[in-house]
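A.B. asks: Structure provided below as structure tokens; questions to follow.
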């Protein structure tokens, strides 16, 4: 008889190699065919709900790793909540309006000048819907589960109607108004931008110091004195109407070689250095407070215009001269302080950034090119004291990457000032995973200006505003709701297809239009108003969802974006935050922490990861990141992730192979009758389960990633499964010792598969399909393991044993190196107490020590002679085992015997083989 035939070797069809790129789509097809998304909802119908509201990605372009990070994190959460019994619908969404789609069509050769606005918008819509289908396919390929057959899309008529109603309610409360104010203006996009559409890059700019002569000294300063201003935007000097000083700062009149200059005293040294003044020739003649300088009149350096000295609290001594060049048409602080003094708002720049006729001799010049012309003129007039160039952080258009300017134009605004405190209060009542998240959005709301909600484009939701013949604005509850009803029925394109009178309620009249003629607003809404209306357009509209959402989760850039616009519109109309809990993640960088770019050749995209390695590798990578900060990805990092995956897969496969002949309904051993080592592992499983559930609850996936590896590698592979081979393969099939271990092994396999399911969605499903006797058709329709109290005394006892076992392994390794033994089964271990640990007493309660240490013989004595090696948990001696090697189990025994014709079997193997012969 071949002894191998008598061994109970592992058997499973679960393959060693994952083959994920080919296998995952098959698993997904099965899920789709079974409509698993709705099955999971049906299972938990009537239970407590959990609503994670999806922030809509922009419907343009291929997915990047940031998209993958975001959607996979959301999927972890929703799948976990579902397995915890929550009714957790997930409705993905898309943001579809805005400039990038207009630009994409232009790149494709669509000439908008050859078609009507309505026709061009139709093409934009078609393009957006095509992009959604492509992105949808890629999101699903990542294993993300949701209602992809019925997502929310910001261009859908019912969504646009909800957005218009929010606008109307805000208008009713006096929160929407029109004004000429300086706003971020992008000449490259020919449109105003919100703060969320601004990003900062380094820019080289002119740095100039300019002298303004005093025209009317008001009896305060010397008539021949000059104010010095500093600016990095020479092109705004033609729009100067004032010089702002801080009322509480000290200012000095300095005589420098006969010239009298007024600057802040705190900046005098810095100015002297910048202007190369000889400090020995500088004399402080007079001192004033900024308040005393108020209403002194200076003369514009080259225009026939006065420049009034005014007070403003925004003036600092961080840089410059303490005398701030003020052009209300080109700066927010300038505008605000200018309103107080009723200063004119001059902004002689057109949509393209070119000087208009109002710009006089600069007419026709691009603003940036005008910098040189202005400095040349200042030099000619003797007003330019210094020209230099500096590189500084400057606002750019987030789409075109070109610099932006502040420009006063007629715009529509949503008032932040009127609801700011309410929003801040709502933030205080919102939960955050990390305090800095709360601080970040709180400070952004606290410090932000009014929200420019108008855009001078065509692909977006129109502002539902009409104008009477006399120019009066018509924006009533009646007219706005009528437009909302029209949009709900026909979509917003109707605004561009019908005349104004046909968009107003039937029979509508207005005293400002005696002839019954009306015009309509041509601007559209900021796309952040679109996505920021999703709490109404989605949460309050879809029957399976509810308001407010339990959670919003997006990239950290959304503190100024979607998080901000959503809470603004929600607080303004509903009085509460649209989210109860806010969580954010960082950006995806390359392996060295650098930004990914095609030029650096360091770009990794989801499609590439999925095709080469599989979605489960991408998902495992997400779980391995500290996602609250920026995360890293590279081929090397993905290789490490794949290695971890392989270990997880092989451990699960080993367990599957060893429970192939086990039926939990008939073969399970009651817990009270389990071997103590098995009870220890059962309690370790419970401990691991409690920790994993806690980590899921706290969104700590990195902890799960690390603890899974620790449990699988240290507890299972390095100990329990290694120890178990001598039992699972060698003992009789139905023996108590084998069934005891299989009982626990089965529990570990089932619970581990469930705990891994939200992360390794495909692999967990594959394991489940190979696990015998499971009740649910899919692991994703099963419940998470329950948290059970652990036997702490048992855990403490066995932790001490595991430490002692580590000492034995160290001793075995030394003996191996000294050629005393080869494999550990060739060893006889003698353990004794020492000064550090009473090993002999401790080990009295342990059975089958030779199996636990994976050696042939173990002897425990009170004391050993000086030849023993002292370890932390006892003195240990390793010798070669006594007797001969059993040809079946490879343990050494002095009692080898025969069964019929079979020789060289230890007593245990003799007994097992007898039962088979």
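Heads up, the Cβ atoms here are built off N, Cα and C, so glycines get one too.
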A.B. asks: Quick check on the annotations: Swiss-Prot lists motif ''KMSKS' region' for one of 580-584, 585-589, 590-594, 595-599. Which range is it?
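C.D. replies: Going through 580-584, 585-589, 590-594, 595-599 one by one, Swiss-Prot flags 595-599 as motif ''KMSKS' region'.
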A.B. asks: Cα-Cα, whole number of Å: residue 598 (ATP binding site) versus residue 554 (L-isoleucyl-5'-AMP binding site)?
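C.D. replies: Distance between the two Cα atoms comes out at 24 Å.
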A.B. asks: Across the motif ''KMSKS' region' (595-599), what does the pLDDT come to on average, as a whole number?
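C.D. replies: Summing pLDDT over the motif ''KMSKS' region' (595-599) and dividing by its length gives 79.
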A.B. asks: Show which residues of the chain containing residue 906 (Zn(2+) binding site), separated from it by at least 6 in sequence, have their CB under 8 Å from its CB.
C.D. replies: 886, 888, 889, 891, 893, 895, 896
A.B. asks: Residues with Cβ closer than 8 Å to the Cβ of residue 909 (Zn(2+) binding site), same chain and 6+ apart in sequence?
C.D. replies: 730, 886, 888, 889
A.B. asks: I need the least crowded one of these binding-site residues (598, 886), counting other C-beta atoms within 10 angstroms of each C-beta.
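C.D. replies: The binding-site residues 598, 886 were compared, and 598 has the fewest Cβ atoms within 10 Å.
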A.B. asks: Once the DSSP letters are reduced so that anything not helix or strand counts as coil, what is residue 906 (Zn(2+) binding site)?
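C.D. replies: DSSP assigns residue 906 (Zn(2+) binding site) to coil.
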A.B. asks: Which numbers of helix, strand and coil residues does DSSP report for the motif ''HIGH' region' (57-67)?
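C.D. replies: Looking at the motif ''HIGH' region' (57-67) with DSSP, the answer is 3 helix, 1 strand, 7 coil.
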A.B. asks: Measure the Cβ-based neighbour count of residue 554 (L-isoleucyl-5'-AMP binding site), defined as the other Cβ atoms within 10 Å of its Cβ.
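C.D. replies: I get 21 for this one.
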